[in-house]
Every structure is written in C-alpha cells, then in structure tokens.
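Okay, so here's the structure we're looking at.
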C-alpha cells in the first residue's frame, strides 16, 4: 500500500494556486443591458460590440472594438454591408456646440465630457455626420445612455464609444494631416461556441485520464525508485523490494481542506491588492516548475508503458545517483518546452503549450493528492463552493469588483495568471478565449478519482458503480456552467456553483439510494489510522 507522504514543494504550491483561477470565463467586453438604465422611445437599443476598422492613407490599421449607444441607428451585421467613410475631428472636440469643421458625410470623432452623449449626437447629426465616434477617458467601454431629461430622442446616426488609447491614436493621425477611413459593423456571435465544446471535452478527458491512469497507463511498468529525477533511496537492503512503498501520496484531511481554503482566500486578497508583473512572473515560474514535473512524469510513464525496456535502463548522474536513462533525456526536453512557452506566452499559439503543461500538471496532482472518503470530500468541496461563489459574486459588494475575475485577468499587471486551460474562439468574429481554472477541474476531479478507486476496491462494474455517473455529473455541471456563461453574456461564472452539486450531491444521493452512504462516508478511515499509528 502506498504510504502517506508530503506533496513535493512545487506541486503543493501549484495546488494552492489552482484556486486563484477558479471559474469559467470569457475575456471579451460585455454588451449586456444594465438594470435601471432609462429606456424611452428612441433610446431602447440593445448595447452591441462594434468593430471599428480603419485605414490610414489607404493602409489598413488595427481593428478597434467599440460599443454602440442606447440610442441612434443600428449598424450592419456583415462587413459587406458597411461602407468605408472618411473621419474628421469635431471642432470643438467635445462636440457640444455647432462644429466649425465640415462634418457632412464624414464620421465625426469627439471627446467625451462637457455635455450629454445625446447632445453630442444631435450636434453631429445636425452637421450632416454619417456617424459619431466618442473617445472615452479610459480603456473601458462606457455604456452611453439617455438622461432623464431626454424625453424625445430622434437620433438617426450610429453612435459608438471607443477606448481612450484608440481614440488618441486616431486624433493624432488626423492632427498630422493623415487621411483616416473608418468602417463600422457589428457581427453576430455564433449561438454555439465550438471552442467551449473543445474545452468541455478537455476538462472531462483530463479527469477521466487521471482517474484511470494508474491502472491502464502506468500498469506498474516503471520502478518507482527511478520514476523521477531524484536521488536514489538507499535506506537499507530492502529499500527496493516494493515500488508501491516509495509512491508519494498526499491524503487530504477535513481540517487541512478548510485551512487550505482559508490560506487561498488570504493569498487571493494579497494578489488583488498587490498584483504586479513581478508577482505574476512568480506564478509563471511556479507553473513552469509544476508543468515540468507533470510533463516529465506523464511522458516517462507513457513511454515505459509502450517500450518496457526504457523502464529498466539506468544511468549514474552526479548528485542524483542512479536514474532512468529516459528520465535524464526527458527532463531537458520538458524544461526547454516550458521555457519556450514562458518566452512566447503572448503569441497566438501559446495556448497550446499552456494547455499541454496544465493537463500534465493536473494529471500528476490527481495522482499524488487523494480524498480518503466523501466525509473529507464534503469538507473540501463545500468550502471550495463557498470560496468560488463568494469571490466571484459576493466580493463586488465589498470590493466594488469581482476579486476572482480581477486576479484571473491580471488587472494592472499587463499579465494574466497561467493556472487555467484556455482555447481561442476560432469561429467567433470577436475572437478572444474561453477559459476554465485548474481548480474547477482538480477539486471535482479528486472526487471522481475517489469514486473510481472505490468501485475497483468493491469490484463493481461500470454501470453499477459511481465513477461513470460522477463523470456524467461533472460533464452536466460543466455544461450548465457554460450555459450560464452564455445566458449572462460572458460574465465570469463560479464553476463550482454548478460542479459541486452535480458531483458531490450526486454521489451522496446515489450512496443513499444504494444504502452505502455510511461506507462512502467512512471509507479508508481505518486504513489511514493504521498508517498513522505505524512507527
């Protein structure tokens, strides 16, 4: 039987950090309607994200994302229905009084401030402008609405808010005498997000793979003494008699689960208040170390599974002693892979490396960390449930924004934390990424892996056990998470709000129906107590 040992330092640190990226999210701007916004005839449009394509002296520039107003004309959904129109600065720039510059058949560009948005639109429309772009005073896309005094709105031109940086760039080009052409359109987002489907499959596959890994992949082919690039144990003449006795298992306790959540909450607050690029870099380094360990362990196990001779050849290395030859070869490969990901983490293809490292890391963590029974599972998942809901939904009432989402985005640091799986929206005209935090895979995954061990120990079949149904429950819970994400127009969701009832709740109900709830609740306690009592 595997003995209880401490989790390796790097893996333990990463296990703590997986909670920091909880929740499924999308990284685009929101376009939902705010409750309480004045709605009246001529001022009842739905907010829409707008693509602002531009050409400078005939050369295409970077496309800017804007946000349409609650009033004004709607924009075409397809680029083929949008016309390229020259842009001009309003004079005065705030567009609060009649412009001295010619606006007829031009797209007017104005600065936010000094008067109401509807007043700016009326001035631009009276001057014959084809549309109005309003430069915001920060990077957020502010929602332009009507005031209580605007009882009769008759604005027939499109009005769009653009970020401060994009507006300043356009203004600078026009001040320098450049010819600026602009094209405005608002494409529809696809109803079914195929990238979210791929992410759904990746998350479920990671949990299933980690659960069956030991039995169907590892198959005890590798001598565990040489499985990792560590100093060979030489504790005595019988030190190599059983590879299972050297296997490091971290068994979670109920008390440890509660303390873990409390420590994670404190660390989350520290990140929220002191987030900086160097702090995120620390997380990136920890992620790389954990990813290297995970990728190394997975590759060694897979290769020795199919090429059994690889699990027998060893080599002597200074300090490390006798290690597997294949391990000595794979460690440099994994290290280079992680370093290349860190260097090119902002590239369009970097998500592939991040997901590979992350999946390997999670499989390894789910091999080393285990739940002994559903008593501990209830403590861990219930605490994680409260943690996720509080820091996503309730924290804005205290801290004026969602602490979890702000940390996951890496606000004010220019970086984002890497403890999540992400995949680009290939078929979405707005681009962006769908993401899910490691914690939303690992914590339910611990329970699914426990159900598999319980089924095997009880010699149950696939259909009359718990593993299959908990896997289906996790899949349903993750589907509900993305359904809520869609219905709430991309706002980050606490995934454990849906995953915990669909996994922990399901095993409790099944155990009660089968009359095995007591066995599930106390499973492994006697074995654990015996291990602790051993000298």
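Residue numbering: from 1, along the chain as shown.
Using the three backbone atoms N, Cα and C, a Cβ is placed for every residue, glycine included.
Unlike curated entries, TrEMBL annotations are predicted automatically.
The annotation signal peptide is assigned in TrEMBL to 1-25.
Here TrEMBL flags 92-169 as domain 'PA'. Mean predicted confidence for the domain 'PA' (92-169): the pLDDT average there is 85.
Taken from TrEMBL, the feature transmembrane segment covers 198-218 (among others).
According to TrEMBL, the transmembrane segment annotation covers 257-275 (among others).
The feature transmembrane segment is assigned by TrEMBL to 281-307 (among others).
The transmembrane segment annotation in TrEMBL covers 319-343 (among others).
According to TrEMBL, the transmembrane segment annotation covers 349-369 (among others). Residues 7-8, 11, 14-15, 18, 202, 206-207, 209-211, 213-214, 248-250, 252, 287-288, 290-295, 297-298, 337-338, 340-341, 418-424, 433, 438, 441-442, 445-446, 449 of the same chain lie 6+ residues outside the transmembrane segment (349-369) yet bring a C-beta within less than 8 angstroms of a C-beta in it.
Positions annotated as transmembrane segment by TrEMBL: 376-399 (among others).
Per TrEMBL, transmembrane segment is recorded for 435-454 (among others). Cβ atoms under 8 Å from those of the transmembrane segment (435-454) belong to residues 14-15, 18-27, 199, 203, 206-208, 210-212, 252, 358, 361-362, 365-366, 369-374, 377, 380-381, 384, 388, 408, 419-422, 465-467, 470-471, 474, 477-478, 481, 495-496, 499-500, 503-504, 507, 520, 523 of the same chain, restricted to positions at least 6 beyond its ends.
Positions annotated as transmembrane segment by TrEMBL: 466-488 (among others).
Using a Cβ-Cβ cut-off under 8 Å and counting only residues 6 or more beyond its ends in the same chain, the transmembrane segment (494-513) has close neighbours at 22-24, 374, 377-378, 381-382, 384-385, 387-389, 391-393, 404, 436-437, 439-440, 443-444, 447-448, 451, 466, 469-470, 473-474, 476-478, 480-481, 484, 519-521. Sequence annotations record features per position, and here TrEMBL assigns transmembrane segment to 494-513 (among others).
Within the chain carrying the transmembrane segment (376-399), a Cβ under 8 angstroms from the stretch's Cβ atoms is held by residues 19, 22-23, 252-254, 257-258, 260-261, 264-265, 268, 272, 405, 439-440, 443-444, 446-447, 450, 492-497, 500, 503-504, 507-508, all 6 or more beyond its ends. The domain 'PA' (92-169): residue composition by secondary structure is 16 helix, 14 strand, 48 coil, according to DSSP.
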